[in-house]
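*Asks:* Checked TrEMBL, it gives:
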| type | residues | note |
| --- | --- | --- |
| DOMAIN | 16-105 | domain 'Clp1 N-terminal' |
| BINDING | E21, K61, N137, S138, G139, K140, T141, S142 | ATP binding site |
| DOMAIN | 134-345 | domain 'Clp1 P-loop' |
| DOMAIN | 373-494 | domain 'Clp1 C-terminal' |
Amino acid sequence: MDTSENVNVHTRKWVLQAESEYRFELDPSATLAIKLVSGHAEIFGAELAEGKVYLFGQECKAAVFTWLGCAIEMSHPSVEYVSDETPMAVYANVHLALEQMRVRALAAVHGLPIPEDEGDDTAGADPPRVLVLGPENSGKTSVCKTLANYAVRAGQDWVPTYVNVDPSEGAWSVPGAISAAPITAPIQTSSPASALGTTATSAPNHVSSNALLPLSYWYGHAEMRRNPLLMDRLIRNLGENIRDRYEGDTAGRCSGLIVDTPASFAASSGTGGDHRLTMIKACVDTFQINVILVVGHEKLNVEMQRTYGNRMAVLKIAKSGGVVELDAAYRERIHKYQLHTYFYGHVIEPPVGITSRGYVQAGEQTPDQTMHLSPLSASVNFGDIVIYRIGEETMAPSSALPIGAARVVSEMQPLVVDPTLGGSGLYNAVLAILAPPNPDESERYDEEILDLPVVGYIAITALDVPNRRMTVLSPSPGSLTGKTAIVGSFEWQE
Ligand SMILES: Nc1ncnc2c1ncn2[C@@H]1O[C@H](COP(=O)(O)OP(=O)(O)OP(=O)(O)O)[C@@H](O)[C@H]1O
């Protein structure tokens, strides 16, 4: 194979030994190109194709791992090193155990003899429904991605459901949402702005061939403690919806699901009002969890063993030494990238000095498809959209209220926001547009909007109070008249 094409002062080659990984981190303006020259390699479980150039940007941090050894060629990242100490063998063993569960579940569905589980003849025929818990920067998302990718790669046509209940993650759309999506192709890593792959919600149809169709509910905030009751309800809505979808989808159900959680489920916030156990319980109940993986946290592992160990497998798995500590400023920048990517898409330019010939961006299937989106800026009447905020405007956590004080407005109450009032908080706000309510009026109920999934997002970029009009940025054409929207605490910044 001719590898000389990109070998110049701007690139060099690394030879990786078996079971080692090349880790890199990018500065805000840096981009990176990596090409697999020979051997086999993967990024969080997604295989690299030989000879294809993968681009990374927007402060991406990741690792190219190889089971048997490989040679890669790349430009210069901001930070790089190779490590042969990885927990990948453990993750692969977990995958094998989950795979056996899938095979047994499918055999049971087809009335075939159920293969025995090595060493465990009491094993049932339930597909794996895995909850991944761990503190901040333990690598939960990376573990979930790896396990989902290994399932997809197993060649059994599994379609695992990836559930993200971390509202700060952004997942397939914008931060503030919790979502689930069936994974049909390995999740590529190229930018933290689309950490779990490309979504179909903002991309026009012609570029959504590799996109996912997630089911999302809008929580509206990055932190669970902001409104735990709402979070609990949305998690349960997500679970119920997935169960409904599974009814006619045997392959999906047998493939199981993997639930990625926020760090706040693992560590108490410190200032009272510790809702994390309630959240874990909501996940266990609604997703019918039968395996809990605790990433690198002894105390949480013991706690989970005590609470759930008699009903399901609770496993502690090691944290990878490669996981990068992400600080608050970084997370804020990522939220900005995610919002921007939702509306405008993103194109990662090849690094300086590297030919763009034949380059494709990770996650895309054909080289001529870029993710450059053109959102629309439209002027709408105040009366066209009904905007709600859930709960009190300045919501202090219940634990912060004086003893004996009751909330005047319930945390779950949808309140109509009047754009004409000063301090409406709508200028530069990100809004979730909800699916229509039940067409049958008799089936409607007060808090129905809490249970409606999201169909898309808009941002309010200007408010003209005297003329009762506002300018909104929307990813696609289509009338907003008569739509219901919810505002959260995310701000749009151009
Ligand atoms: N082996 C590795 N080598 C290099 N970077 C890695 C590795 N594993 C994870 N990372 C990076 O470290 C960062 C944190 O990892 P990840 O998002 O998986 O952790 P998390 O526990 O889900 O985070 P959070 O605190 O947001 O819940 C990410 O940017 C991820 O891509």
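Cβ coordinates come from backbone N, Cα and C, glycine included.
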*Asks:* Kindly assign E21 (ATP binding site) to one of the three DSSP-derived states: helix, strand or coil.
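*Replies:* Note: E21 (ATP binding site) is in a strand by DSSP.
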*Asks:* What mean pLDDT does the predicted model reach across the domain 'Clp1 C-terminal' (373-494)?
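*Replies:* Averaged over the domain 'Clp1 C-terminal' (373-494), the predicted model reaches a pLDDT of 84.
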*Asks:* Using Cβ atoms only, which residues of the same chain lie under 8 Å from G139 (ATP binding site) while being at least 6 residues apart in sequence?
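*Replies:* Non-local contacts for G139 (ATP binding site): V295, G296, K319, S320, G322, V323.
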*Asks:* Looking only at K61, K140, which of these binding-site residues has the biggest number of Cβ atoms within 10 Å around its Cβ?
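*Replies:* Going through K61, K140 one by one, the largest Cβ count within 10 Å is at K140.
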*Asks:* Taking 10 A as the limit, how many CB atoms besides its own sit near the CB of S142 (ATP binding site)?
*Replies:* 25
*Asks:* In DSSP terms, helix, strand or coil for T141 (ATP binding site)?
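*Replies:* DSSP call for T141 (ATP binding site): helix.
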*Asks:* For the domain 'Clp1 C-terminal' (373-494), what are the DSSP-based totals of helix, strand and coil residues?
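*Replies:* Breakdown, helix to coil: 13 helix, 47 strand, 62 coil.
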*Asks:* Relative to the Cβ of S138 (ATP binding site), which residues of the same chain, six or more apart in sequence, are found under 8 Å away?
*Replies:* A263, A266, V295, G296, H297, K319, V323
*Asks:* If you count the C-beta atoms lying within 10 Å of each candidate's C-beta, which of the binding-site residues N137, T141 ends up with the smallest number?
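*Replies:* If we count Cβ atoms within 10 Å for the binding-site residues N137, T141, the smallest count is at N137.
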*Asks:* Using Cβ atoms only, which residues of the same chain lie under 8 Å from E21 (ATP binding site) while being at least 6 residues apart in sequence?
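*Replies:* When sequence neighbours closer than 6 are ignored, E21 (ATP binding site) has A63, V64, F65, T66, V82, S83, D84, T86, M88, G322 within Cβ distance under 8 Å.
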